[in-house]
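All remarks here apply to the structure that follows.
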Amino acid sequence: MNSVDKNKGYKTSAKGIALFGGLQIYKILLSVIRTKCSALFLGPSGFGIYSLITSTLTSLEMVTNCGLGTSSVKDIAHVQDDMTEVAKVYRALNRFVWITGLVATVLCVCGAKYLSISAFGNPDYTIAFVFAGFSLLVNQLITGQGALLTGLRKYKFMVRLNIWSNTLGLVVTVVLYWLWGVKAIVPVIISTAMLNLLFSCYYAKLISLPKVALSVREIWQRGKRMFKMGMLISLGGALSSLAGYTIRIFISQISSVFIVGLFTASFSLVNTYLGMIVSAIDKDYYPRLCSMESDTDNFNRTINQQIEMLVLLLSPIIAVFVIFAPAVIYVFYSERFQLASSFMVLAALSMYFYVPAKTISIAFLAKGDSKGYFINQLTFVTYTLVLNMIGFHYGELSGLGISFLAAYLIYLLQTYFACRRCYLFNFDKQILIKVGLYMILLIAASLVSLYASSIIRYTVGSAIVVVTSLIAFMDLNSKLGIINYLRKKI
């Protein structure tokens, strides 16, 4: 492969990461405004009501959506050059999202009383769940249209859709909360879902698909494959959520709710801001990988290039989180959360292993091996939960950080060897050397952050951040021509 084609692959990866990473930053900013306004107009109790209703709906949605939003992307991406086939896949998908969406809504409406009792301990919010349940159907319809845009890699449409729906959704949310307060919670849930559907329909309609007719048998045959694969993906996600819930219950039982709050706050911070980069995996990288599943060389090259780009972009950010953990916690929370700084250092470092593992694991989905993906996830979730419990039992939050570090390292090795055996995947040696170099720098930063005095932490640590950033920039420039691009623009 010549250097021009190779650099084109890097530029494609970088474009996707920059596009969806930037979108994620915008969504985070809107989320901060939404949270502040919600807290202002709803108060703590109203905010709690909103959280309980939405978390209950999310749990029900996770069970009933059958992972169609992920599994269908593969089928669409695989036939993206044949719009007639795309139309057939999309038609079958539409029938299945309607069915699963209606099932979710019916379950929510019929079980509204029990959902209210489960969430609040009383049936007072039965009517709220009855009306809010219609958002489950709307969200599932959005999932189908989103899969079409993702599978065909219509990035501009996806970004515009998210910008418009999230921005107007924020405006509607603030206005309704300002007018009606707590009584606006359900109207906000429904109206924001309808706004998302409106924009989703608009951008999906911009894709010109030929009209196709499918028999019930054809719809079932096409949809069955998506449904089967999606169910295992959905189950894997549900297990991850269950494991997260279990470790929080475990911490609260042997320690306190205060420690649960420290854990949740610091881990959410790491996931949110490092997730800006990782968001490109689902939106850009996954459909690209699906389109080349039968080309082993390109398949492996794409995985390696995606890992390299993510490592180059993530390493400086992780270094900043590791060295300036106390300052980051103070800015986003308060002095009371400083007890979680050592955990946040280790959690940020653990992402260095998690991101490559996540990138490689997408190979299971791209190959259509939902069973392999589920087994891989089930194994990962099981030992992560066990290690988390052991780590917290013996070392509290610091022990929990070490357990995440160990679990993600094992996950990386496990996923690599599984994909090597099943799909002949191999790490590029040059990339391994770079991964090793940044790992040494980040481990050094972590040791300085955890064990050195404040003066040494910020002086030596800042030097490590600068060195890491410079090396990463030089690597990125050699692949993307950043300096030449800026010169032309200036």
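Backbone N, Cα and C atoms are what each Cβ position is placed from, and that goes for glycine too.
What TrEMBL says about this one:
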type: TRANSMEM; residues: 96-115; note: transmembrane segment
type: TRANSMEM; residues: 127-149; note: transmembrane segment
type: TRANSMEM; residues: 161-180; note: transmembrane segment
type: TRANSMEM; residues: 186-208; note: transmembrane segment
type: TRANSMEM; residues: 229-251; note: transmembrane segment
type: TRANSMEM; residues: 257-281; note: transmembrane segment
type: TRANSMEM; residues: 310-333; note: transmembrane segment
type: TRANSMEM; residues: 339-366; note: transmembrane segment
type: TRANSMEM; residues: 373-394; note: transmembrane segment
type: TRANSMEM; residues: 400-419; note: transmembrane segment
type: TRANSMEM; residues: 431-452; note: transmembrane segment
type: TRANSMEM; residues: 458-478; note: transmembrane segment
Criterion met for the transmembrane segment (373-394) and the transmembrane segment (127-149) (at least three Cβ pairs under 8 Å) | no
Surrounding residues of the transmembrane segment (161-180) on its own chain - C-beta under 8 Å, 6+ positions past either end | 23, 26-27, 30, 33-34, 37-38, 41-42, 149, 187-188, 191-192, 195-196, 198-200, 202-203
The transmembrane segment (400-419) in contact with the transmembrane segment (339-366), cutoff 8 A, at least 3 CB pairs, sep 6+ | yes
So which of 127-149, 310-333, 339-366, 431-452 is most in touch with the transmembrane segment (458-478), counting Cβ pairs under 8 Å?
-> 310-333
Using a Cβ cut-off of under 8 Å, list the residues of the same chain at least 6 residues beyond the transmembrane segment (339-366) that approach it.
-> 70-71, 74, 229, 233, 262-263, 265-267, 269-270, 274, 277-278, 281, 285-286, 289-290, 293, 299, 303, 306-307, 310-311, 314-315, 318, 321-322, 325-326, 328-329, 372-373, 376-377, 397-398, 400-402, 404-405, 407-409, 411-412, 414-416, 419, 423, 425, 435, 438-439, 442-443, 446, 449-450
